[in-house]
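Below is one structure, written out as structure tokens, with a few remarks after it.
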Amino acid sequence: MSGSWLDEIPARIAELDAAHLRRRRRATAPLQGAASGAHMEVDGHPMLAFCSNDYLGLAGHPTLVRAACAGAQAFGVGSGGSPLVSGHSTANAALEEQLAHFVQLPRALYFYAGYATNAGIVPALVGAGDALFSDALNHACLIDGARLSRAHVHRYAHADLGDLAAQLAASTARRKLVISDAVFSMDGNVADIRGLLALCDQYDALLLLDDAHGFGVLGPQGRGSLAEAGLTGANASPRVLYMATLGKAAGVAGAFVAGSDMLVEWLLQKTRSYIFATAAPPMLASALQASVALIEAEDERREALAERIAELRAGLTPLLARTGWQLLPSRTAVQALVIGSNATALAVMEGLRERGLWVPAIRPPTVPEGTARLRIALSASHTRIDVQLLLTALDEVSRLAPPLP
């Protein structure tokens, strides 16, 4: 008789170890008096961090902290129910109106988590017998939403509009949905949103964009990738749904989806991850209202971030020439330094950690085989000196790291 399948788990974990693919958590905390997004305590040690998604340095902003405290005083710390029962607080309702106005789309729906947003809205839009077209490098939440939908999934080559057009043309499905990251989370490049919409117009498809890494950073006043493409306000398309998270540049937590009143109403009626989950606490909505106001008002944060991006990319040029590592094209806060092998990426990460810098290595299956990398995340909180410290440490560590295979 064979043993329990539970007996296989230790061997499977050992396989992850052997392939340098086992994931480990680190306990982090903010450093008192230090800027959020750039400095943190990692396993009890102070670190200069290049891994936070706090792109504008707002997570510890005193205005947000005060707003959250005021929200807790007014509403308590929990919502007490799902949105369609008793959890849709006046704070959450006000945030939805503010978000819709900010991204210049008719209506917004506020969710408690980004992953649950995409995993829920995709199955609400398409199902069995429908066709779904997904970029090869989409985030896991879009991929899982596609799987849950039971629609026929067509995976097109990354950012390849020609491949997408051919697959759309070949489809006989009446209902079609194209899903894409707006800013790709592991590469940092921005999708051709106008090109995607043109194809959706041509083939009568809906377009769902995940702007987790563009909201607050790109576009006029940080209104996001869709606004940067000039496709909001009077130019908004009724076939576009715009999703963005609120735990990255906004510095808090949650997510929202915005679009036409009709599409958002449909999502409210049919998205299981919205209907059957406890609503986000009102205190977070209070903090987010303050965050969106700061995002809109403070262009200097985006300007500082743009300066750090330019400094990093220019400073890495000698390292790339010497090591053969690759810095992927990106004008966003996500800067992917592709090293290749898992072992080398881990060695570089460890060397940086020993020097007081925290830049975790990203390995398969999060990224394709052979493209293990440092995902360098920049923040407006980083200084020119911070970037120079990273460049110096990378130069030192790269000379000690195992050679490329």
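Using N, Cα and C of the backbone, Cβ positions are placed for all residues, glycine too.
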With ARG23, THR366 listed by Swiss-Prot as binding substrate, identify the candidate in HIS88, HIS101, HIS139 belonging to that site.
HIS139
According to Swiss-Prot, GLY114, TYR115, SER185, THR245 bind pyridoxal 5'-phosphate; which of HIS154, HIS213 is also listed for that site?
HIS213
Please tell me which one of the binding-site residues listed here (ARG23, HIS139, THR366) sits closest to THR245 (pyridoxal 5'-phosphate binding site), measuring Cα to Cα?
HIS139
Using other CB atoms within 10 angstroms as the count, which residue among the binding-site residues SER185, THR245, THR366 scores least?
THR366
Remaining residues near the recorded pyridoxal 5'-phosphate site, that is with C-beta within 8 Å of the centroid of the site residues GLY114, TYR115, SER185, HIS213, THR245:
ASN53, HIS139, CYS141, ASP210, ALA212, GLY247, LYS248, ALA255
If I take the alpha carbons of GLY114 (pyridoxal 5'-phosphate binding site) and LYS248 (N6-(pyridoxal phosphate)lysine), what is the distance between them in whole Å?
10
Between TYR115 (pyridoxal 5'-phosphate binding site) and ARG23 (substrate binding site), what is the CA-CA distance rounded to a whole number of Å?
19
